[in-house]
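TrEMBL lists A:112 with the feature active site. The feature active site, proton donor/acceptor is assigned by TrEMBL to A:153. Among the features that TrEMBL reports, active site, proton acceptor is placed at A:254. The Mg(2+) binding site annotation in TrEMBL covers A:7, A:34, A:153, A:155, A:253, A:254. The domain 'Endonuclease/exonuclease/phosphatase' annotation in TrEMBL covers A:4-254. Residues or ranges marked as site 'Transition state stabilizer' by TrEMBL: A:155. If you look up TrEMBL, you'll see A:224 marked as site 'Important for catalytic activity'. TrEMBL lists A:254 with the feature site 'Interaction with DNA substrate'.
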DNA sequence: ATGGCTCGATTGTCGAGA
């Protein structure tokens, strides 16, 4: 079973690329971030024709997330219960792994974490509060659903390995101690970074700035993550960042990340 | 380089992203 996350930076612009990618990479589950459209404009039919059922949680202009799956997702929840939020950032659902008597359910949380803009700003404070809200809810969610993945655009790097210029970006947004403390507090709930379970190419990133030939020069950050709960950790067979679509014309600035469960 | 691209909302220009 394969599950993927991808910040596509406008589904209106990127829909053909997402459909192409799914045709070439027929994953079982795909969570999307930054749809930048409302639910009435979500291309449900086109994903259905591609073999995917979808749940969207969009808003105008900014944010917006979706959960696509080959088999129906159940118990779908939008945003973080217990945390008041104007923005559409989280979509959660339960999907089935396997069929028949051996089938087991998996809880998938797809999330678009706040950017934070700049340490000390109002948006940074919102990011911190959002992260605390997420953790508080996830703690309970893990009790109800021990087999859980948290995947999406975290907008946080773990450490220097995730940053193309660690010295230049010291204490910059995505790299501050405060953000990393919150990320490690999620890890402390019993989650594991799938990426680091396996040998990875050096300087593996999931986002590159559009400006200044960031992708060509591999000036990037690893900010898109797939965290798995303790109950799923032993089943993780691979975790790969797919840079292929970043080479498209008019690409998203993010690459998809794919995890395989055995 | 208080920037560089890209997107949406707009239709000249700016906020936001990361």
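We number each residue from 1, going along the chain as drawn.
Every residue gets a Cβ built from N, Cα and C, even glycine.
Distance from the CA of the residue listed as 'active site, proton donor/acceptor' to the CA of residue A:34 (Mg(2+) binding site) is 9 Å.
Note: the Mg(2+) site is recorded as A:7, A:34, A:153, A:155, A:253, A:254; in the same chain, A:9, A:33, A:112, A:207, A:223, A:224, A:252 also have Cβ atoms within 8 Å of that site's Cβ centroid. Taking the Cα atom of each, residue A:153 (active site, proton donor/acceptor) and residue A:7 (Mg(2+) binding site) are about 7 angstrom apart. Here residue A:112 (active site) is positioned 14 angstrom away from residue A:253 (Mg(2+) binding site), judged by their C-alpha atoms.
Comparing residue A:254 (active site, proton acceptor) with residue A:7 (Mg(2+) binding site), their Cα atoms are 6 Å apart once rounded.
Under a cutoff of 8 A between CB atoms, and with a sequence separation of 6+ in the same chain, the neighbours of residue A:155 (Mg(2+) binding site) are A:113, A:114, A:115, A:116, A:127, A:173, A:174, A:179, A:223. Here the C-alpha separation of residue A:112 (active site) and residue A:224 (site 'Important for catalytic activity') works out to 9 Å. Each residue contributes its Cα atom, and for residue A:224 (site 'Important for catalytic activity') and residue A:7 (Mg(2+) binding site) those atoms are 8 Å apart. Its Cβ placed at the centre, residue A:112 (active site) has 26 other Cβ atoms within 10 Å. Of all Cβ atoms in the protein chains displayed, 25 besides its own lie within 10 Å of the Cβ of residue A:254 (active site, proton acceptor).
For the domain 'Endonuclease/exonuclease/phosphatase' (A:4-254), the model's pLDDT averages out at 97.
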